[in-house]
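To start, the structure under review is shown below, and the notes come after it.
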(Lines of atoms letter the chains of each structure in order from A and count residues from 1; the text may use other names and numbers.)
(Lines give C-alpha, C1' and ligand atoms only; values in the text may rest on other atoms or scores of the structure.)
Protein backbone atom coordinates (compact mmCIF):
# COMPACT_ATOMS: atom_id res chain seq x y z
CA UNK A 1 0.00 0.00 0.00
CA UNK A 2 1.32 3.43 -0.90
CA UNK A 3 1.99 5.81 1.93
CA UNK A 4 4.54 7.84 3.77
CA UNK A 5 7.78 6.05 4.44
CA UNK A 6 7.80 6.00 8.24
CA UNK A 7 10.53 3.38 8.48
CA UNK A 8 13.20 4.45 10.90
CA UNK A 9 10.92 6.85 12.75
CA UNK A 10 10.94 5.88 16.40
CA UNK A 11 7.76 4.96 18.25
CA UNK A 12 7.85 8.41 19.81
CA UNK A 13 9.15 10.90 17.22
CA UNK A 14 10.11 14.31 18.62
CA UNK A 15 8.86 13.26 22.06
CA UNK A 16 10.46 16.30 23.69
CA UNK A 17 8.71 18.65 21.25
CA UNK A 18 5.13 17.39 21.53
CA UNK A 19 2.42 17.70 24.17
CA UNK A 20 -0.75 15.60 24.03
CA UNK A 21 -3.80 17.63 25.14
CA UNK A 22 -6.90 15.71 26.22
CA UNK A 23 -10.18 17.25 27.42
CA UNK A 24 -12.23 14.85 29.53
CA UNK A 25 -14.96 14.36 32.13
CA UNK A 26 -14.06 10.73 32.90
CA UNK A 27 -11.20 8.42 33.78
CA UNK A 28 -8.85 7.88 30.88
CA UNK A 29 -8.96 4.11 30.45
CA UNK A 30 -8.86 4.62 26.68
CA UNK A 31 -5.15 5.41 27.03
CA UNK A 32 -4.40 1.74 27.68
CA UNK A 33 -4.83 1.01 23.97
CA UNK A 34 -2.69 4.01 23.04
CA UNK A 35 0.37 2.94 25.08
CA UNK A 36 2.55 1.95 22.10
CA UNK A 37 2.12 5.40 20.58
CA UNK A 38 1.43 7.92 23.37
CA UNK A 39 3.09 6.65 26.54
CA UNK A 40 6.42 8.34 25.81
CA UNK A 41 4.80 11.77 25.45
CA UNK A 42 3.82 14.31 28.07
CA UNK A 43 0.05 14.64 28.54
CA UNK A 44 -1.86 17.78 29.48
CA UNK A 45 -5.30 16.69 30.70
CA UNK A 46 -8.00 19.34 31.05
CA UNK A 47 -10.80 18.07 33.27
CA UNK A 48 -14.15 19.57 32.35
CA UNK A 49 -17.15 19.84 34.65
CA UNK A 50 -17.13 19.11 38.37
CA UNK A 51 -13.56 19.51 39.71
CA UNK A 52 -14.33 17.33 42.75
CA UNK A 53 -14.60 14.23 40.55
CA UNK A 54 -11.41 12.17 40.62
CA UNK A 55 -9.95 11.46 37.21
CA UNK A 56 -7.86 8.29 36.95
CA UNK A 57 -4.98 8.10 34.50
CA UNK A 58 -3.38 4.72 33.67
CA UNK A 59 -0.02 4.13 35.31
CA UNK A 60 3.11 4.87 33.34
CA UNK A 61 1.98 8.12 31.77
CA UNK A 62 3.69 11.44 32.46
CA UNK A 63 0.96 14.05 32.79
CA UNK A 64 -0.37 17.29 34.22
CA UNK A 65 -4.04 17.41 35.22
CA UNK A 66 -5.93 20.70 35.36
CA UNK A 67 -9.50 21.17 36.55
CA UNK A 68 -11.68 24.26 36.77
CA UNK A 69 -10.18 25.27 40.10
CA UNK A 70 -6.71 25.23 38.53
CA UNK A 71 -7.89 27.27 35.55
CA UNK A 72 -9.37 29.88 37.91
CA UNK A 73 -6.20 29.93 40.00
CA UNK A 74 -3.84 30.31 37.04
CA UNK A 75 -5.84 32.76 34.93
CA UNK A 76 -7.71 34.65 37.64
CA UNK A 77 -10.41 36.93 36.18
CA UNK A 78 -9.33 35.92 32.68
CA UNK A 79 -10.50 32.35 33.33
CA UNK A 80 -13.91 33.33 31.99
CA UNK A 81 -12.57 32.97 28.43
CA UNK A 82 -12.25 29.18 28.88
CA UNK A 83 -15.40 27.26 28.00
CA UNK A 84 -17.16 25.18 30.67
CA UNK A 85 -18.83 21.84 29.96
CA UNK A 86 -17.60 21.96 26.40
CA UNK A 87 -14.70 20.34 24.54
CA UNK A 88 -13.34 23.82 23.98
CA UNK A 89 -11.82 23.67 27.46
CA UNK A 90 -8.89 21.90 25.76
CA UNK A 91 -7.49 25.22 24.57
CA UNK A 92 -6.36 25.89 28.15
CA UNK A 93 -3.92 23.03 27.58
CA UNK A 94 -2.65 24.76 24.44
CA UNK A 95 -2.01 27.86 26.49
CA UNK A 96 -0.02 26.24 29.31
CA UNK A 97 2.05 24.00 27.03
CA UNK A 98 5.59 25.07 26.19
CA UNK A 99 6.17 22.58 23.38
CA UNK A 100 6.51 23.26 19.66
CA UNK A 101 3.76 20.85 18.63
CA UNK A 102 0.37 20.01 20.11
CA UNK A 103 -1.65 16.89 19.40
CA UNK A 104 -5.19 16.88 20.78
CA UNK A 105 -7.46 13.86 20.90
CA UNK A 106 -10.89 13.07 22.35
CA UNK A 107 -11.32 10.40 25.00
CA UNK A 108 -13.68 8.29 22.88
CA UNK A 109 -11.10 7.71 20.15
CA UNK A 110 -8.98 4.61 19.72
CA UNK A 111 -6.20 3.24 17.51
CA UNK A 112 -7.38 2.50 13.97
CA UNK A 113 -5.93 0.03 11.50
CA UNK A 114 -5.01 0.66 7.88
CA UNK A 115 -6.33 -1.69 5.14
CA UNK A 116 -3.34 -4.00 5.66
CA UNK A 117 -4.32 -4.50 9.30
CA UNK A 118 -1.44 -2.46 10.70
CA UNK A 119 -2.16 -0.15 13.64
CA UNK A 120 -1.83 3.51 12.68
CA UNK A 121 0.70 5.63 14.55
CA UNK A 122 -1.18 8.93 14.50
CA UNK A 123 1.64 10.90 16.10
CA UNK A 124 4.24 9.77 13.56
CA UNK A 125 1.91 10.69 10.70
CA UNK A 126 0.98 14.09 12.15
CA UNK A 127 4.65 14.89 12.72
CA UNK A 128 5.38 13.91 9.12
CA UNK A 129 2.62 16.26 7.96
CA UNK A 130 3.87 19.14 10.10
CA UNK A 131 7.54 18.63 9.28
CA UNK A 132 7.03 18.67 5.51
CA UNK A 133 5.90 21.73 3.53
CA UNK A 134 2.38 22.59 2.42
CA UNK A 135 1.43 23.83 -1.05
CA UNK A 136 -1.55 26.21 -0.58
CA UNK A 137 -0.87 28.41 -3.62
CA UNK A 138 -1.31 25.84 -6.39
CA UNK A 139 -3.04 22.45 -6.20
CA UNK A 140 -1.01 19.34 -6.97
CA UNK A 141 -3.27 16.68 -8.50
CA UNK A 142 -1.21 13.93 -6.89
CA UNK A 143 -2.01 15.58 -3.55
CA UNK A 144 0.98 15.85 -1.20
CA UNK A 145 4.11 15.97 -3.39
CA UNK A 146 6.35 15.36 -0.37
CA UNK A 147 5.13 11.80 0.05
CA UNK A 148 7.26 8.80 -0.73
CA UNK A 149 6.76 7.82 -4.37
CA UNK A 150 5.21 11.02 -5.68
CA UNK A 151 6.24 14.50 -6.78
CA UNK A 152 4.94 17.65 -8.42
CA UNK A 153 3.05 17.02 -11.62
CA UNK A 154 3.80 18.51 -15.03
CA UNK A 155 2.66 22.13 -15.14
CA UNK A 156 3.36 22.85 -11.47
CA UNK A 157 5.37 26.13 -11.30
CA UNK A 158 8.91 25.57 -10.11
CA UNK A 159 8.75 28.86 -8.23
CA UNK A 160 6.11 27.35 -5.91
CA UNK A 161 7.64 23.91 -5.35
CA UNK A 162 9.47 24.83 -2.18
CA UNK A 163 6.11 25.18 -0.45
CA UNK A 164 5.50 26.85 2.92
CA UNK A 165 5.64 25.80 6.55
CA UNK A 166 2.79 23.56 7.67
CA UNK A 167 0.97 24.92 10.72
CA UNK A 168 -1.96 22.50 11.08
CA UNK A 169 -2.39 18.77 10.44
CA UNK A 170 -6.05 17.75 10.44
CA UNK A 171 -6.57 14.01 10.83
CA UNK A 172 -9.69 11.97 10.09
CA UNK A 173 -11.70 9.14 11.69
CA UNK A 174 -13.12 5.76 10.89
CA UNK A 175 -16.41 4.36 12.22
CA UNK A 176 -18.56 7.19 13.70
CA UNK A 177 -18.62 10.16 11.28
CA UNK A 178 -18.33 13.72 12.57
CA UNK A 179 -21.85 14.74 11.56
CA UNK A 180 -24.11 17.51 12.80
CA UNK A 181 -27.34 16.58 14.60
CA UNK A 182 -29.72 16.76 11.60
CA UNK A 183 -27.45 14.46 9.58
CA UNK A 184 -27.11 12.10 12.56
CA UNK A 185 -30.89 11.90 12.81
CA UNK A 186 -31.44 10.96 9.17
CA UNK A 187 -28.41 8.61 9.01
CA UNK A 188 -28.25 7.02 12.47
CA UNK A 189 -26.57 3.82 11.28
CA UNK A 190 -24.09 5.32 8.87
CA UNK A 191 -20.44 4.51 9.52
CA UNK A 192 -17.29 5.70 7.77
CA UNK A 193 -15.50 2.63 6.45
CA UNK A 194 -13.51 4.37 3.69
CA UNK A 195 -9.78 4.66 4.29
CA UNK A 196 -8.49 7.18 1.76
CA UNK A 197 -4.72 6.98 1.60
CA UNK A 198 -4.12 10.66 0.95
CA UNK A 199 -2.92 13.91 2.46
CA UNK A 200 -3.62 17.22 0.76
CA UNK A 201 -3.05 20.90 1.38
CA UNK A 202 -6.20 23.00 1.73
CA UNK A 203 -5.79 25.83 -0.82
CA UNK A 204 -5.28 29.41 0.25
CA UNK A 205 -8.58 31.24 0.62
CA UNK A 206 -10.55 28.04 1.22
CA UNK A 207 -12.13 27.28 4.61
CA UNK A 208 -12.83 23.82 6.03
CA UNK A 209 -14.73 22.33 8.99
CA UNK A 210 -11.99 21.54 11.52
CA UNK A 211 -12.65 18.67 13.93
CA UNK A 212 -10.75 18.72 17.23
CA UNK A 213 -10.77 14.98 17.93
CA UNK A 214 -7.65 14.16 15.86
CA UNK A 215 -5.70 17.36 15.37
CA UNK A 216 -2.09 18.52 15.52
CA UNK A 217 -0.59 21.96 15.06
CA UNK A 218 2.58 23.97 15.35
CA UNK A 219 2.01 25.96 18.52
CA UNK A 220 4.85 28.36 17.75
CA UNK A 221 3.25 29.39 14.45
CA UNK A 222 -0.50 29.53 15.20
CA UNK A 223 -1.00 28.79 18.91
CA UNK A 224 -2.78 32.09 19.73
CA UNK A 225 -5.26 31.49 16.90
CA UNK A 226 -6.28 28.04 18.18
CA UNK A 227 -8.92 29.41 20.53
CA UNK A 228 -11.92 27.08 20.72
CA UNK A 229 -14.31 29.94 21.40
CA UNK A 230 -16.55 30.66 24.38
CA UNK A 231 -19.18 27.94 24.28
CA UNK A 232 -20.88 25.32 26.44
CA UNK A 233 -22.71 25.97 29.70
CA UNK A 234 -23.91 29.56 30.06
CA UNK A 235 -23.58 30.22 26.32
CA UNK A 236 -26.21 29.88 23.60
CA UNK A 237 -24.09 27.58 21.44
CA UNK A 238 -21.92 24.49 21.72
CA UNK A 239 -20.22 21.99 19.38
CA UNK A 240 -18.88 24.84 17.25
CA UNK A 241 -15.75 25.39 19.32
CA UNK A 242 -13.43 23.55 16.92
CA UNK A 243 -15.25 25.04 13.92
CA UNK A 244 -14.57 28.56 15.18
CA UNK A 245 -10.91 27.76 15.82
CA UNK A 246 -10.56 26.16 12.41
CA UNK A 247 -12.06 29.09 10.50
CA UNK A 248 -10.02 31.67 12.39
CA UNK A 249 -6.77 29.70 12.26
CA UNK A 250 -7.14 29.13 8.51
CA UNK A 251 -7.54 32.87 7.93
CA UNK A 252 -4.45 33.43 10.07
CA UNK A 253 -2.47 30.80 8.14
CA UNK A 254 -3.47 32.43 4.86
CA UNK A 255 -2.41 35.83 6.19
CA UNK A 256 0.96 34.66 7.50
CA UNK A 257 1.81 32.30 4.65
CA UNK A 258 1.42 28.95 6.43
CA UNK A 259 -0.24 25.77 5.22
CA UNK A 260 -2.94 23.41 6.49
CA UNK A 261 -3.02 19.70 5.62
CA UNK A 262 -5.92 17.26 5.94
CA UNK A 263 -6.25 13.52 5.43
CA UNK A 264 -4.06 10.89 7.10
CA UNK A 265 -3.84 9.84 9.88
CA UNK A 266 -7.05 8.08 10.82
CA UNK A 267 -8.17 7.03 14.28
CA UNK A 268 -11.22 5.01 15.40
CA UNK A 269 -14.09 7.13 16.72
CA UNK A 270 -15.98 4.75 18.97
CA UNK A 271 -19.03 6.49 20.36
CA UNK A 272 -21.85 8.38 18.66
CA UNK A 273 -23.12 11.27 20.74
CA UNK A 274 -26.86 11.73 21.28
CA UNK A 275 -28.30 13.56 18.25
CA UNK A 276 -31.16 15.07 20.25
CA UNK A 277 -28.75 16.50 22.82
CA UNK A 278 -26.53 17.69 19.97
CA UNK A 279 -29.46 19.40 18.27
CA UNK A 280 -30.14 21.41 21.41
CA UNK A 281 -26.48 22.44 21.54
CA UNK A 282 -26.14 23.16 17.83
CA UNK A 283 -29.42 24.67 16.75
CA UNK A 284 -28.28 28.30 16.89
CA UNK A 285 -24.99 27.42 15.27
CA UNK A 286 -26.78 25.73 12.39
CA UNK A 287 -28.35 29.10 11.59
CA UNK A 288 -25.38 31.27 12.54
CA UNK A 289 -22.89 29.32 10.42
CA UNK A 290 -24.59 30.77 7.35
CA UNK A 291 -23.26 34.14 8.54
CA UNK A 292 -20.06 32.98 10.23
CA UNK A 293 -18.62 31.22 7.19
CA UNK A 294 -19.09 34.20 4.81
CA UNK A 295 -17.67 36.43 7.55
CA UNK A 296 -14.42 34.46 7.58
CA UNK A 297 -14.42 34.04 3.80
CA UNK A 298 -14.46 37.80 3.34
CA UNK A 299 -12.02 38.79 6.09
CA UNK A 300 -9.16 40.95 4.89
CA UNK A 301 -6.51 41.52 7.54
CA UNK A 302 -4.14 44.46 7.54
CA UNK A 303 -0.41 44.22 6.82
CA UNK A 304 0.23 45.18 10.44
CA UNK A 305 -1.21 41.80 11.49
CA UNK A 306 2.08 39.95 11.11
CA UNK A 307 1.82 37.49 14.00
CA UNK A 308 -0.91 35.03 14.99
CA UNK A 309 -1.76 37.09 18.08
CA UNK A 310 -2.08 40.33 16.13
CA UNK A 311 -4.20 38.59 13.51
CA UNK A 312 -6.49 37.22 16.19
CA UNK A 313 -6.91 40.59 17.85
CA UNK A 314 -7.92 42.06 14.50
CA UNK A 315 -10.38 39.20 13.93
CA UNK A 316 -11.89 39.84 17.37
CA UNK A 317 -12.48 43.48 16.44
CA UNK A 318 -14.14 42.51 13.18
CA UNK A 319 -16.23 39.87 14.97
CA UNK A 320 -17.68 42.59 17.16
CA UNK A 321 -18.25 44.92 14.22
CA UNK A 322 -19.77 42.41 11.79
CA UNK A 323 -21.36 39.55 13.72
CA UNK A 324 -23.01 41.31 16.65
CA UNK A 325 -25.84 42.17 14.27
CA UNK A 326 -26.46 38.41 13.94
CA UNK A 327 -26.75 37.98 17.71
CA UNK A 328 -25.50 39.85 20.82
CA UNK A 329 -23.60 36.69 21.77
CA UNK A 330 -20.87 37.61 19.30
CA UNK A 331 -19.99 40.73 21.29
CA UNK A 332 -19.37 38.46 24.29
CA UNK A 333 -17.35 36.10 22.11
CA UNK A 334 -15.28 38.97 20.70
CA UNK A 335 -14.47 40.15 24.22
CA UNK A 336 -13.48 36.59 25.19
CA UNK A 337 -11.15 36.48 22.18
CA UNK A 338 -9.34 39.56 23.47
CA UNK A 339 -9.17 38.04 26.96
CA UNK A 340 -7.76 34.84 25.46
CA UNK A 341 -4.90 36.71 23.78
CA UNK A 342 -4.20 38.68 26.96
CA UNK A 343 -4.05 35.43 28.96
CA UNK A 344 -1.94 33.73 26.29
CA UNK A 345 0.60 36.54 26.28
CA UNK A 346 0.73 36.65 30.06
CA UNK A 347 1.71 32.96 30.15
CA UNK A 348 3.69 33.15 26.90
CA UNK A 349 5.29 36.62 26.71
CA UNK A 350 5.85 37.55 23.05
CA UNK A 351 9.40 37.82 21.83
CA UNK A 352 10.38 41.43 21.15
CA UNK A 353 10.70 42.36 17.49
CA UNK A 354 9.01 39.12 16.49
CA UNK A 355 9.45 38.86 12.75
CA UNK A 356 6.99 38.00 10.04
CA UNK A 357 7.89 34.39 9.32
CA UNK A 358 5.43 33.43 6.61
CA UNK A 359 6.08 32.98 2.95
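The backbone N, Cα and C atoms fix where each Cβ goes, glycine too.
Remember, TrEMBL labels are computer predictions, not curated facts.
If you check TrEMBL, you get these features:
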CARBOHYD  154  N-linked glycosylation site
SITE      154  site 'Required for activity'
SITE      161  site 'Required for activity'
Return the count of C-beta atoms lying within 10 angstroms of the C-beta of the residue listed as 'N-linked glycosylation site', excluding that atom itself.
5
Cα-Cα, whole number of Å: the residue listed as 'N-linked glycosylation site' versus residue 161 (site 'Required for activity')?
12
